[in-house]
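Now, the feature entries from TrEMBL:
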DOMAIN    A:133-373  domain 'ABC transmembrane type-2'
TRANSMEM  A:21-46  transmembrane segment
TRANSMEM  A:180-203  transmembrane segment
TRANSMEM  A:230-253  transmembrane segment
TRANSMEM  A:259-280  transmembrane segment
TRANSMEM  A:292-310  transmembrane segment
TRANSMEM  A:347-368  transmembrane segment
Amino acid sequence: MQSPIAWRRLIAMCRKESYQILRDPSSAMIAVVIPLLLLFIFGYGINLDSGVIRLGIVAESHNADTHALIQAFDDSPYIEPIVADHRAPLVQQLEANQIRGLVIIPTDFSDRLNRDEIAPLQVITDGSEPNTAQFLQQYVQGAWEVWLTQKQYRLGVKEARPIEVEMRVWYNPAAISQYFIIPGAISIIMTVIGAILTSLVIAREWERGTMEAILATRVTRTELLLSKLLPYYVLGMFAMLLCVALSTGIMGVPLRGSFLLLIVVSLLFLTSSMGMGLLISTITRNQFNAAMMALNAAFLPAVMLSGFVFEIGSMPHLVQWVSQLVPARYFVSILKTLFLAGNLTPIILINSLYLLITAFIFIGLTAFKTSRQLA
Amino acid sequence: MNRIELTAVSKSFEGQDKPAVAPMSLTIEAGKVTGLVGPDGAGKTTLLRMMAGLLSPTSGTLEVAGLVPDQSLDQLHAQLGYMPQKFGLYEDLTVRENLNLYADLRGVEPSLWPETYHQLLTFTDLHAFTHRPAGKLSGGMKQKLGLACTLVGSPKVLLLDEPGVGVDPISRRELWRMVHELANDGMLILWSTSYLDEAEQCDQLVLMNEGEVLYQGVPDMMTAHMEGRCWLLPGGAHPRHYLTQILQHPSVSDAVLQGRQVRAILHDASDIENLSKALSLNGNEKSVEPRFEDAFIDRLGGASVRHSALAEILPQRSNHESTPAIEAIELTRTFGDFTATDHVNFKVKRGEIFGLLGPNGAGKSTTFRMMCGLLPVSSGQANVLGINLKARSGKVRRRLGYMAQKFSLYGHLSVLQNLRFFSGTYGLKGKERRQRIEEMIHAFQLEPLLAQTPESLPLGFKQRLALACALMHQPEILFLDEPTSGVDPLTRREFWVHINGMVEKGVTVMVTTHFMDEAEFCDRIGLVYHGKLIALDTPDQLKQQVTKASESNLTMEEAFIRLIAKYDEVHS
C-alpha cells in the first residue's frame, strides 16, 4: 500500500499552486479586494444607529404648553423638529422622505391638560422603515417624559416613582452598531474568501485538463487536497490580518481578546470554509458553476443565518436548526466574543468544537468525492 | 513483460445502450509505434483511459506491463507515461517549472535530474524557451513540452491520446521522429489518432470503429487488400452529377471527386466489369494505386450516406441570371499597418463551389468574413447577389446561410430548441416554420436526438445540426468557414454528399478549408497567401500549372506547396 504523503510530491504540488497564485492576479484580487470592499460596505454602509431624526410637529394651537413641549423635542439631541401649523405640508415632506415621522399636538391639548383630562398626542411613524420608526417612537417618548418631569417640577408636584430604571449596555457601552457589525462582517468576508478561492482550484484543473495528467501520476488524494489547502491558508490568513488591521486601526473596533487565539480560531474557520469550496469544486468540475455555487452556498447563509445582523434567537425554530449547519454562525459568535468581550473560554471552546466538526464534514466529503479515477 | 494485454475487455457507460468499447482482446508489443486509429467516438480515448487506470473496465481483464491497473495503480503509474487529449500543462508555469514539477511527482533521483532535464530539452528542442510560461508557447511547442513532461521518469509504457491535433505539419513531423526514436529504445508506444497520414506511418495499427476493432496489423497490409479495387473514372461534363450516380451503384464502396474525375472504390476487384458496363465507360477507366484512406473508408463499411436527403427538400434554383453570386472587386482590409487582404478580385458563378485556401494567417478568414458581411471592408467592394454589402447588407443577409467553424449552436438548448430558435431568427413563422423544421429533422435523421443537447453529441452530429440550422431559410448562397476541421474522414464524406446535393439544386457555396483533398471537391479554388490571391483556377488547372513534363497525378497538397514556393521565388 502506498503511503498517503510523500513530502517531495506534496512540496512540489504546493510550490506549483503558489506559483499559480502569484502569477494569476485573480486570487490575489479575491484576497485583497473583497475584504476591503465588504469591510467598508458593512462598516460604513450599514449603520443601525439612526443619528438625528427629522421630526415634523404639527402644532394646531399655540400656547405655553405646546411651546414647552416643542422646546422639549428641540432639546433632545436625537430630534430635529420641523414645526408647522397644519398637517398638509408635513405629510408631503413625510411622503418625500424628508422627515421620518409626525407628532400632532391637537387644538384642545392644553385645555384638556388643564382640566386634568387625558391629553392625546398623535405620533405617526414610517412603517416602511421599522428600525427608524422604533427609534423615533423611543425618542418621542423620551422627550415627552422630560417635558412631563419639567412641568411637574414647575408646578411643584413631586411624584415619587416606585421604580427607577437605570440602563447599562455591557461590552458595547455606547451601543455603537459598528462594533458588533464589523466582527460579523469579518466572518462573512472570510467565508466568501475561503469558499471562492478554493472553489475555483479543483474545477480549474478539470477544465484545463491538468487533472487527467495528474491522476496518471503517483500523486495521492491526500497530497492533492493538501496542496489545494496549504497555499490558500497563507492567502486566507493574509486577508484575515488585513481585516483585523483595518477594523482595529481605522474603524476603531476594540480587540479585547487574545490575538493568538484569534489566529488559531481563524485557521480553524478557514479550514471549514475552504473545505466547503473544495467540495463544491470537486462536485462541479467547472469554474463558473463552482463560483456561482460558492457565492450562494457560502455568502447568503453567512449573511442570513450567522447572527451577523439578524439575531438567531428570534428566528423560527426550523431556521434556527438550519443555522447550526452554517459554519459562519460559530465564527460570528467567536469573533464578537473576542473583539468585544475578551477571552471567554467556554463560548470560544464550544464554538470552536462546532467549527472543527463542520471542517471535518466538508474535508471528509471532499476526500470521499475525490476519486483516483475519472468516472 | 513490457506489453499490453487485453482479454475480452469492454466498457459501458450508464445511460448509453451501446458499449463505448465492445469486448476486445488485443496484445500490444513494445519496441514499435502502434497507432490506435478510428473516427471520432470510436472508443479510442476510453480504451486509453482504461489502460492508464483512470477508468475501470466493465468486464474482461487488462494487463499493462504485467500489472492489472485496478489492483496496482501506484506501481502502474510509476512506469506509465500518459498524455491526455488536451494535455494539461500548467500555463502559468514556465517550461522549466513544468518539467521540475513532473520530476518531483515522478520521483526522479535529484542527482540525475539535471542531466535528464538537459536531454529532454535537447530532444524537444526547447532549450531557448525554458523561462517562457507554457501558456505562451505555440501549439506545436506545447505538445512537445507535454510529451517531455510525459517522458520524465523514463516510463516503460507511453500512451498518447491524439497528440497531433492542432499541431502544424512541421511540429507534427518532429513529434513523430521523437516517438519513433523512443520506440527504438524499447518503449511501448500507443499513439491514438483520427488523422490518416499519421496512421499510415505507424509500425502497427489497431483500427477501431464504434467500440470494435476492425483491423490489427501493419498499415501496408490494409492497403494491399485494396489492390485492383481503386479506379479513376472520367467525370464527363457534370462530374458532380455523375458522382451521385456512381455512389448509387451497388458495387461501389466509396467514391469522391478528384478534380473533374471520380475516384471510385469497389467492393471487389471483379466488380469493375459490372460497373463499366452499367456506366458504359468503354475502357476509359484507369486503375490507380490504392491509398491508405481508401482502405480506411472501406474497412469502416464504405460511404455511409450516398445521396443527400437534404437536396431533395431544397427548391431547384435556376442559374440563368447573369450577375455573379459573389464578387470581390479590389477588396482590401487593413488592421493598423497590417494589410490582411490586399486588392483581391474574384467572381463566383451561381451554382458553383468556390474554395478559399491558404496557410494559417494568410488572410483567407478576413477575406471570407468580408464576403459574408461580418467584417466591414477598408476599400474595394464585396458584392453578393449583385448587391454591395456595404450599402444594403440587411437585405442580402436573408438570402445567405452561414455556418461558423465552431458551429455556433446553443449547447444547453435541446436539438429541437436550436432548430426552433434558428428558424425564428431567419423570420420563419407559423406553418412554414413547422414544416421546415420537420423537413430538416427528416433529412438529417435528427428524430432520435431531438431531446438531447448539442453539447452531448459527437462532432459529426453537431455538424449536421449546424448545417440544418444554416439552411432553414433555404438560402441562395451558403458560406462555410472550415466546416470540417476536427471532423473524421467518414463524417466529412457525408458532409460533402450534402454539399454536392445542394449545389446540384443550384445553391452557391463558398468554403474555406485547410484539407487539401477537400479542395478537389471545389469547382474553383482561390489560393490566398500574404493577403493576396496568388492563384485562381479549377483544381485540375492549378495542378497543371506546376506539373513537370515527367510527372502525372500530382497531389493537390504538392501543387499548393509548389504554387506558394513559386510565388516566394518571384517576390523575394
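Each Cβ is built from the backbone N, Cα and C atoms, and glycine gets one as well.
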Given the transmembrane segment (A:230-253), which of the listed stretches A:180-203, A:259-280, A:347-368 has the most Cβ pairs that are under 8 Å apart from it?
A:180-203
Per the definition of 3+ C-beta pairs under 8 A with sequence separation of 6 or more, do the transmembrane segment (A:180-203) and the transmembrane segment (A:292-310) touch?
yes
Beyond a gap of at least 6 residues from its ends, the CB atoms lying under 8 Å from the transmembrane segment (A:21-46) belong to 177-178, 181-182, 184-186, 188-189, 192-193, 196-197, 200, 231-232, 235-236, 238-239, 242-243, 246-247, 251, 309
Beyond the flanks of the transmembrane segment (A:259-280) by at least 6 residues, Cβ under 8 Å
187, 190-191, 193-202, 225, 228-229, 232-233, 236-237, 240, 244, 290, 293-294, 297-298, 327-328, 330-331, 334-335, 338, 343, 348, 352, 355-356, 358-359, 361-363, 365-366, 369
So if I exclude everything within five residues of the ends of the transmembrane segment (A:347-368), which remaining residues of that chain have a CB under 8 angstroms from its CBs? That is, six or more out.
221-222, 225, 257, 261, 265, 268-269, 271-272, 275-276, 278-279, 282, 324-325, 327, 330-331, 333-334, 337-338
